[in-house]
Amino acid sequence: MALLEIRDVVKTFGDFTAVNHVSLSVEAGEFFTLLGPSGCGKTTLLRMLAGFEQPNSGQILLDGKDMSQVPPEKRPVHTVFQSYALFPHMTVAQNIAFPLQMAGVAKADIPARVAEVLEDVRLQQFAKRFPHELSGGQRQRVAIARALVNRPRLLLLDEPLSALDAKLREEMQLELINLQKEVGITFVYVTHDQGEALALSHRIAVMNKGEVAQLDAPETIYSYPKNRFVADFIGQCNLLDAKVVEVGGERMKVEIPGVGVCETLPVDGAQVGQSGTLTLRPEKIRLAASVAHDADEVHFTGKVHDCLYLGDVTIYIVELDNGTLVETMLPNSAPGRARFFDDNDAVELAWRYDAGHFLLG
Amino acid sequence: MKVSRWVWGAASLVYAFLYLPLAIVVVFSFNDSALNAEWVGFTLDWYKQLFHDDVMIEAASHTLAIGFVTCVVSTVLGTLAGYAMYKYRLRLLPVLVLTPIAIPEILTGVSLLIFFVMLNMTLGLVSITLSHIAFCIGFVAIVVRSRLQGMDESLVEAARDLGASPITAFRRITLPLIMPGIIAGALMAFTLSIDDFVISFFTAGVGSNTLPLEIYSRVKVPVKLNPEVNAISSLLMLLTLSLILIVSKVAPSALRAGGD
Ligand SMILES: Nc1ncnc2c1ncn2[C@@H]1O[C@H](COP(=O)(O)OP(=O)(O)OP(=O)(O)O)[C@@H](O)[C@H]1O
Ligand SMILES: [Mg+2]
């Protein structure tokens, strides 16, 4: 049985639907992420899990128990708030002791428990400080320690890293992964940063306008986005309009109007004549002055339209012969090389039949 | 930036205007002369006389008793009102609680007098105290509400999330955080009460003179006017100042009532 089960949950504010028929389940021990653009309903869904909002319809089950009549303080669920919400009039140690006191832990046992969790987040020497005497990263760790100290079944984290600078964020991401492994508590993590979601999660639910657009493992979400929204939202992606021209067999053929026919992975239920979108990640496309031919690949010629130097890689926007723009990239890994082509250089493109995939409709 | 000499000059004038009269009162309370005219010599006679002046002492004890009860009751009720205004965003409540602040005191005084008379209540300490409470609640409520508004709402949610019932969350989180506001409100209620004249004037009865009423009655009648009034005024000032000092030590942010 799943630890958390969300069944067809709807939440409206007035006539605005913030969460629209969401169903999903989270297994014990999982690092589960809700990813989506601002305003898509991530926080609202999280607040319903914590008990601060009631769904208009649908059910939330924790360990198989319906949570609708259970107030926040009675749920074995703790939240790390985006603002951290540390109690400003209490020291770090007092903040962390708070949930233990609420749970009725014997007074004598509290200091040891606090010390233990402070060690987990490497803040032993900060126990006597007040929140305003800590840096952003330290506050964040106190918030996590406080939420973890009495071992909730489920830890909810609402964009806990968004207030930190890029460097510290990366550090904290690694710490979060390790911490989650160590304590083995189920995490439901909210973010609008796709890189963070891909890096941290076991599974990701991509949300759009209150609905789940796709729920899969990070690799699947990235390589096989189920719809245009996900393809577009996660990373860079070429979205080429195309039409099915041949089905059956190991590969399917689609035609990109004005460009040509190319092979791709078969799609269930595809029929000749249906239109759709071919999704292609820039890094899956081969780019060279002349590309050796290969039976598994399709070839096109074009010229460089734009270059974007990003340091580790350079993005080349290639204009195909009919004017279609395709984004590609090359790593600048060879010593002394910063760019391979200039604007208007003639180039060749190639991609394997399984480099991208086709979306119907 | 250099502040121009004019600004300094103007500021000094304003402060002189504010504090010079107070200083004069204090100085003359130690003056060995019955006239507030020129400095003759140092004496503590007026203070001695004050402590043998039963009428003045009775008035002072009335004032302190009224001030204390007003302070306690209006702080409790005002805090509850401020919390309710913050929490429930009712439209009518703020109007009801805050109107007494805006209404001219003379109106409040007259209307309370009529009200007490209609109720057939004997005017005295009770009626004065009730009146003071009525107009102090609003001040406490405003300060407490603004303190609440400055508080991060997610703190209470965090407390609930971590296992606190609504009441525990209020006691452990909300209350300590708004305490500076409550103390500021209490201080305000106490000082408003001990120096109130207009409302006390209307709602006082025979034998329930408060200090401001007694002082006024003496200032009005030249025969009774002597530096004893200076002495009691100085003591009143001392009381208020030490209250402010205590509060600034105990809860430094209380004096910035708006919450920080
Ligand atoms: N209490 C509320 N009353 C009215 N509308 C609300 C309320 N809370 C949220 N909403 C609306 O619901 C939508 C979803 O809000 P939510 O906070 O869940 O978004 P989010 O996905 O967390 O976005 P972000 O990434 O910006 O935090 C928003 O359009 C928001 O305006
Ligand atoms: Mg949010």
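Note that Cβ sites are derived from N, Cα and C of the backbone, with glycine treated the same way.
Keep in mind it's a predicted model, so treat the numbers as computed, not measured.
As written in TrEMBL, here are the features:
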type	residues	note
TRANSMEM	B:7-30	transmembrane segment
DOMAIN	B:60-247	domain 'ABC transmembrane type-1'
TRANSMEM	B:64-86	transmembrane segment
TRANSMEM	B:93-117	transmembrane segment
TRANSMEM	B:123-144	transmembrane segment
TRANSMEM	B:173-192	transmembrane segment
TRANSMEM	B:198-217	transmembrane segment
TRANSMEM	B:229-251	transmembrane segment
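Contact between the transmembrane segment (B:7-30) and the transmembrane segment (B:229-251) holds: at least three of their C-beta pairs are under 8 Å, each pair 6 or more apart in sequence.
With pairs at least 6 apart in sequence, the transmembrane segment (B:123-144) and the transmembrane segment (B:64-86) have 3 or more Cβ pairs within the 8 Å limit; the two touch. As a quick check, the transmembrane segment (B:123-144) and the transmembrane segment (B:198-217) clear the bar of 3 or more Cβ pairs under 8 A, pairs 6 or more apart, so the two touch. Packing against the transmembrane segment (B:93-117) from elsewhere in the chain are residues 78, 81, 84-85, 123, 127, 130-131, 134-135, 137-139, 141-142, 196, 198-199, 201-203: each is 6 or more residues past its ends and has a CB under 8 Å from a CB in it.
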